[in-house]
Amino acid sequence: MKQLKLTGFVIFFFFLTESLTLPTKPQDIDDVRITKKFIEDNVVYITIIAFAQYIQEASFEEVEMLVKAMKEYRDRCLADMTLPECSKLANDVLLENICAMEGLPQKYNFSHCCHKVDFERRLCFLHNKKAEVGFLPPLPTLDPEEKCQTYKTNKESFLNNYIYEVSRRNPFVFAPTLLTVAARFEEMAETCCEEQEKANCFRSKAEPFIQYLKALSSYQKNVCGALLKFGPQILQSINIAVLSQKFPKIEFKQLTSLLEDISSKYDGCCGGDVVHCIRGRSKVMSHICSKQDSISSKIKECCEKKIPERGECIIYSNKDDRPNDLSPREAKFTESENVCEERDADPETFLAEFLYEYSRRHPELSTPELLRIAGVYEDLLRECCNSQTPPDCYKDAEKKFNETTEKSLKIVQRECEHFQNLGKDDLKYHYLARLTKIAPQLSTDELTFLGKEMMIALATCCTLSEEFACVDNLMDLVLGELCGINKNRSINPTVDHCCKTNFAFRRSCFEGLEADKTYVPLPPSQGLFTFPPDLCQAHNEELQRKKDRFLVNLVKLKPELTEEALRSSLIEFTNVVVKCCQAEGPEACFEEEGPKLAAKSQAA
């Protein structure tokens with residue numbers, strides 16, 4: 001397969017889900033048959049992904065036991081589909097087998113989930129997933145020669161172990177994404193193990209699909225978080241905005257039909273039902289390809305590919321061109337005398353059509369901004385339709401839309417100015433300090449990750465022509481990571497308010513946050529100013545991580561420190577590392593300089 005293309009990854013990945021209605025057309029029946037065969041052939045990977053995501057602490061040996069049980073289940077059902085167990089949902093069978101593994105529910109503390117049934121059991125296992133994976137051991141690293149020897153000796157076990165390690169560290173990533181990563185990893189191992197420079201080969205080929213996994217993981221968590229916190233209506237709005245921008249010539253009626261497939265069973269993918277996810281991806285792509293002439297001119301080659309590959313191709317295809325006859329704006333929503341009557345007749349459809357028409361006319365806007373405009377319009381009509389002369393009230397709607405976009409644009413411009421003025425490192429330190437002050441309850445690992453991601457978003461977007469949409473989309477994803485997926489996640493009152501009050505406007509909500517006033521700083525820890533003996537042998541990346549963690553932990557210790565004082569402490573930290581790594585006895589030097597740094601930092 002060709003190397004992964006990351007352009008536009010934010011926009012289109014939610015097409016991995018849909019409803020499982022029975023096929024009615026020959027092409028649909030053929031697609032279902034091929035998809036069914038794909039699932040049967042990949043039952044091992046599918047089982048590993050589901051188990052490793054649900055029970056992240058489980059060992060690889062325990063996963064292999066479940067794989068054996070699920071392969072036996074598959075073989076029984078292929079031999080006799082009339083068996084009672086074969087009529088059950090695959091995910092329910094998998095959870096039953098997990099619960100039946102002797103001692104496992106007690107060992108990993110999920111026996112309470114096994115006492116539940118059906119939807120309640122699935123929901124319990126979902127809430128059992130942990131986004132923060134610091135409790136897992138470091139990802140095993142092998143010398144490239146050793147890696148290739150293991151691969152050649154037992155290819156199946158090696159690949160199974162890889163997908164196990166990736167899946168349990170990415171518990172909310174959809175199964176089709178992980179299957180794509182597994183396929184890429186196998187291709188990479190096959191190629192690089194034949195090269196002389198194996199290490200360089202692995203390094204260069206791994207980066208694209210590591211970025212692919214990270215990007216799609218972020219988007220999936222963000223959208224599933226929106227669904228679980230705000231319900232299906234916000235998911236519907238996201239889908240309308242994204243689809244209308246990507247396929248601007250699609251008719252609204254056809255869009256509505258497609259949305260039924262996409263939105264009706266999204267909870268399957270977000271809940272970790274891997275079989276449902278795979279079937280869903282295939283069904284939605286079949287829908288799109290069966291109507292490609294009226295949907296997009298950019299997907300013809302994609303639709304000629306086999307089912308597992310064509311979904312990815314469609315996701316990464318370019319946005320279609322806007323129809324030449326598309327007017328600058330749709331008059332029926334702001335200039336008609338009957339706006340209120342049309343809204344009252346069917347509010348949900350009317351507002352959905354507004355979002356569709358506005359989105360297809362504004363490819364330059366981000367998804368969150370389109371949702372903000374839709375929210376502004378809904379609020380405006382609520383006010384205007386209760387006034388004496390509604391048309392006079394809503395005739396200035398476009399002005400309000402522009403004002404909303406101007407506010408969002410100013411936030412992005414301010415962020416890009418920060419990037420231009422501070423540079424990557426100082427910008428990252430700025431976000432590390434700011435995030436730690438507003439959400440000090442988060443772990444150090446979470447905060448260093450979020451600060452780095454904010455810096456990467458601006459470094460990626462602030463030099464592009466589509467700067468606004470790129471920054472707004474990516475920064476919103478970082479906030480999605482911060483807010484998390486589960487509805488009951490709580491950080492502190494002000495952050496919780498921004499995460500749970502209004503999905504579209506959470507960016508501006510976070511802009512107004514100050515340091516958390518409820519936070520009680522932790523007592524000083526000597527570990528903060530202790531330097532490991534092997535620090536001088538560490539690579540630059542490891543030194544940078546140590547520096548980032550130092551800054552976050554210092555803010556947690558003294559949240560009142562100004563950015564200037566924090567910058568001074570970082571300089572002192574760097575000076576200590578440089579001085580001691582040049583000394584004859586680095587360990588003795590660190591033991592002497594560490595307490596001095598502690599005294600200076602705490603006196604700042």
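Even glycines carry a Cβ here, placed using N, Cα and C.
Pulled from TrEMBL:
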- Asp273: Zn(2+) binding site (BINDING)
- Cys99-Cys114: disulfide bond (DISULFID)
- Cys113-Cys124: disulfide bond (DISULFID)
- Cys192-Cys201: disulfide bond (DISULFID)
- Cys224-Cys270: disulfide bond (DISULFID)
- Cys289-Cys303: disulfide bond (DISULFID)
- Cys302-Cys313: disulfide bond (DISULFID)
- Cys340-Cys385: disulfide bond (DISULFID)
- Cys384-Cys393: disulfide bond (DISULFID)
- Cys416-Cys462: disulfide bond (DISULFID)
- Cys461-Cys470: disulfide bond (DISULFID)
- Cys483-Cys499: disulfide bond (DISULFID)
- Cys498-Cys509: disulfide bond (DISULFID)
- 20-210: domain 'Albumin' (DOMAIN)
- 211-403: domain 'Albumin' (DOMAIN)
- 404-598: domain 'Albumin' (DOMAIN)
- 1-21: signal peptide (SIGNAL)
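Cys340 (disulfide bond) sits 42 Å from Cys302 (disulfide bond), taking the C-alpha atoms as the reference points. Straight-line distance linking the Cα atoms of Cys313 (disulfide bond) and Cys303 (disulfide bond), rounded to a whole number, equals 8 Å. Rounded to the nearest whole angstrom, the C-alpha distance between Cys192 (disulfide bond) and Cys302 (disulfide bond) is 28. Note on Cys313 (disulfide bond): other Cβ atoms within 10 Å of its Cβ, all shown chains, come to 18. For Cys483 (disulfide bond), the nearest of the disulfide-bonded residues Cys224, Cys270, Cys462, Cys470 in terms of C-alpha separation is Cys224. A Cα-Cα distance of 44 Å separates Cys384 (disulfide bond) from Asp273 (Zn(2+) binding site). The distance from the Cα of Cys99 (disulfide bond) to the Cα of Cys470 (disulfide bond) comes to 44 Å. Other C-beta atoms found within 10 angstroms of the C-beta of Cys201 (disulfide bond) number 18, with every protein chain shown included. Averaged over the domain 'Albumin' (404-598), the predicted model has a pLDDT of 90. Of all the recorded positions in the record (Asp273, Cys462, Cys509), the one with the smallest CA separation from Cys393 (disulfide bond) is Cys509.
In this structure the alpha carbons, written CA, of Cys302 (disulfide bond) and Cys114 (disulfide bond) are 42 Å apart. For Cys124 (disulfide bond), the same-chain residues that are 6 or more apart in sequence and have a Cβ closer than 8 Å to its Cβ are Phe110, His112, Cys113, Lys116. Within the set of disulfide-bonded residues (Cys113, Cys385, Cys498, Cys499), the lowest number of other Cβ atoms found within 10 Å of a Cβ is recorded at Cys385. Of all the disulfide-bonded residues given, namely Cys289, Cys384, Cys416, Cys483, the one with the smallest number of surrounding CB atoms inside 10 A is Cys416. Under 8 Å, Cβ to Cβ, and six or more positions away along its own chain, Cys303 (disulfide bond) finds Met285, Ile288, Cys289, Gln292, Arg310, Ile314. In this structure the alpha carbons, written CA, of Cys499 (disulfide bond) and Cys416 (disulfide bond) are 24 Å apart.
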